[in-house]
Amino acid sequence: MSLSDKDKAAVKALWSKIAKSADVIGNDAVSRMIVVYPQTKTYFAHWPDLTPGSTNIKAHGKKVMGGIALAVSKIDDLKAGLSDLSEQHAFKLRVDPANFKILNHCIMVVISSMFPKDFTPEAHISLDKFLSAVALALAEKYR
């Protein structure tokens, strides 16, 4: 699935509005993922505290949203722009790529609840396509 110029512009416009809240979005999205999809806890078993908003959850949420920020900046070539992250998730972290879709959904739920006026139907579809493209780029090294 490729992103149209309209999709790219919509993602960049939405990101410009939400970027300053990225850490909160990341914390809430990772917290939501851990609670709603408890099978994802297996990747974080080494953390002493998996409760929503814990120090580890906040730190990981910040990393996740840093990756999203990187993806927005590399939106014209996500495969190359996210190559290092793909390699890390495939070979070091060994994350099942199906979990990218789960986290993407949680990110969209949080953004839609925090920014309801900005999360228009057009922004929704463009962000969904973008996050799907990010997940595909992150899964690249699994092949």
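Quick reminder: no glycine exception, Cβ is built from N, Cα and C everywhere.
Listed in Swiss-Prot:
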type: BINDING; residues: H60; note: O2 binding site
type: BINDING; residues: H89; note: heme b binding site
type: DOMAIN; residues: 2-143; note: domain 'Globin'
type: MOD_RES; residues: S2; note: N-acetylserine
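DSSP assigns the residue listed as 'O2 binding site' to a helical segment in the three-state reduction. Sequence-distant neighbours of H60 (O2 binding site) (same chain, 6+ residues apart, CB-CB distance under 8 A): G26, V30, F44.
Within 10 Å of the C-beta of the residue listed as 'N-acetylserine' there are 6 other C-beta atoms, taking all protein chains into account.
Between the alpha carbons (Cα) of the residue listed as 'N-acetylserine' and H89 (heme b binding site) lies a span of roughly 22 Å. On the 0 to 100 pLDDT scale, the domain 'Globin' (2-143) averages 95 in this prediction. The domain 'Globin' (2-143): residue composition by secondary structure is 110 helix, 0 strand, 32 coil, according to DSSP.
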